[in-house]
Amino acid sequence: NYLVMQTTSLSQFNIPSPPPKTTILHRKTTSSRRLSPIFAVASTTAPPSRHQVTHSMPPEKIEIFKSLESWVSENILPLRKPVEKCWQPIEFLPDPSQGPDVFVEEVRALRQRVLGLSDEYLVMLVGNMLTEDALPTYQTFINTFDGVRDETASSPCPWAIWTRAWSAEENRHGDLLRTYLYLSGRVDMLMVEKTLQYSIGAGSEVGAENNAYMGFVYIISRASNISNTGNMARLAIKDGDPVLARICGTIAADEKRHENAYTRIIEKLLEVDPNTTMQAIASMMRKRITMPLHLMYDGQDPNLFEHFSAIFQKQDVYTSRHYAEILEFFITRWELEKLEGLTEEAKRAQDFVCQLPRKIRRLEYRAKKLESRQVKFSWIFNKSLSV
């Protein structure tokens, strides 16, 4: 999932740009619509799926998570940020409460800034926005974990309190990015919104087996979004949009705090049950960690996720190298190489995980060979765009 694809086909997002660096396909717009009409057609076949194992965690392991509830209260819940101290999307966007003249001027300024963003950058921003805005999938996913789920949707269990607080904080990310894209005028929001609806409906299939050990390993692997968002901030500065750079940096700071919580959880599990935790880490790595929206669909392209991934790889925003660096960080942070007293099975898991970054780095050479090949895009201009 982290290798470069040779071609992409993302024309459905109607992303216009200043003088393009890539192949441009012009289409006529209709008089009744600002944007070219594109009709999403429901897939007639279900996406391929792996054999699903469910509820693989035995009762005695569920009790371990229940025994950690007081630890969660003391060590995880304090990582929540009070709502009154949290940033909100409106702080980064044109504010309609300042009156129509100021609002319109701020929108014009935003549209002027985004003219400097490349086609590829906007596609990546759409990909990030879709990933962030598919939040219902992630909260549903966490609530499948035995031992930590929110049984009533308002449970006072510390695990459930954290999940709801995490979801509430994450919810702002998609709201902010979607509104920014909407105001930019550079993206066909109708197609984006259809894609989001399709993708939330498709859900996510990562092989965590309702197992909280595996589930938290998967969530911590999503920390790759920190690297992703940080690199997006860097590119936004380069392309002349400091406001968007600040947005990406602010989202990355949230993700870093959330990563800290899940890192602590795995750390604690390694302390209280190193054998099962080590095997869970290896199990998820063997299944190849896929990003949460890997089943994304737009009604047309069954390989949409791979096509988005190709652009992130091509632009050096998220590559096999970044993934290897993330794994190396966690191996060092959790001191996995120093774990002793493991069972034979856990030792084999330990060896596999600790050697994995080196194996992943071998993929980088293959990816770089593909980078020399041109990735073709077909963009459609939004001729109504004006600043």
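Glycine residues also receive a Cβ, built from the backbone N, Cα and C atoms like all the rest.
What TrEMBL says about a protein is an automatic prediction, not a curated fact.
In TrEMBL this protein carries:
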BINDING   Glu132, Glu170, His173, Glu255  Fe cation 1 binding site
BINDING   Glu170, Glu255, His258  Fe cation 2 binding site
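Of all Cβ atoms in the protein chains displayed, 23 besides its own lie within 10 Å of the Cβ of Glu132 (Fe cation 1 binding site). The binding-site residues considered are Glu170, Glu255; of these, Glu170 has the fewest other C-beta atoms within 10 angstroms of its C-beta.
With respect to their backbone Cα atoms, Glu132 (Fe cation 1 binding site) and His258 (Fe cation 2 binding site) stand 14 Å from each other. Rounded to the nearest whole angstrom, the C-alpha distance between His173 (Fe cation 1 binding site) and His258 (Fe cation 2 binding site) is 13. Glu170 (Fe cation 1 binding site) and His258 (Fe cation 2 binding site) have their C-alpha atoms 9 Å apart, to the nearest angstrom. Proximity of His258 (Fe cation 2 binding site) to non-local residues of its own chain (separation of 6 or more, Cβ distance below 8 Å) is seen for Leu79, Trp166, Glu169, Glu170, given in sequence order. Summarising the environment of His173 (Fe cation 1 binding site), the number of other Cβ atoms within 10 Å of its Cβ, over all protein chains shown, is 25.
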